[in-house]
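**Q** The domain 'G-protein coupled receptors family 1 profile' annotation in TrEMBL covers 1-108. According to TrEMBL, the feature transmembrane segment maps to 19-40, 61-84.
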């Protein structure tokens with residue numbers, strides 16, 4: 001929001017750029033993956049109603065949730081790698097956030 005309000009220039013400290021991208025992309029990935037997991041859970045409940053009813057366990061659900069969080073966070077950590085090792089600092093001079101897409105670092 002701050003970038004859009006400032007005319008698409010990054011007005012905040014540079015260290016917050018990858019943090020903002022991490023939060024943005026992790027929310028997108030997490031919501032998509034949890035919707036997919038919910039779809040699988042519903043599918044199993046419809047296809048195998050008696051067997052699946054007996055197999056519900058809160059620990060398994062919690063473990064699945066933690067694994068999904070870890071997978072998404074490890075995948076999205078590329079935002080930090082791309083910013084600090086791939087060229088995120090190249091765009092800082094022209095005011096651009098420089099980390100939105102991994103390939104945006106080759107502009108400047």
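Including glycine, each Cβ sits where the backbone N, Cα and C put it.
Context for these features, please: burial, neighbours, distances.
**A** The predicted model assigns the domain 'G-protein coupled receptors family 1 profile' (1-108) a mean pLDDT of 78.
Proximity of distant same-chain residues to the transmembrane segment (19-40), defined by a Cβ-Cβ separation under 8 Å and at least 6 residues beyond the stretch ends, is recorded for 12, 64-65, 68-69, 71-73, 75-77, 79-80, 83, 97, 99-100.
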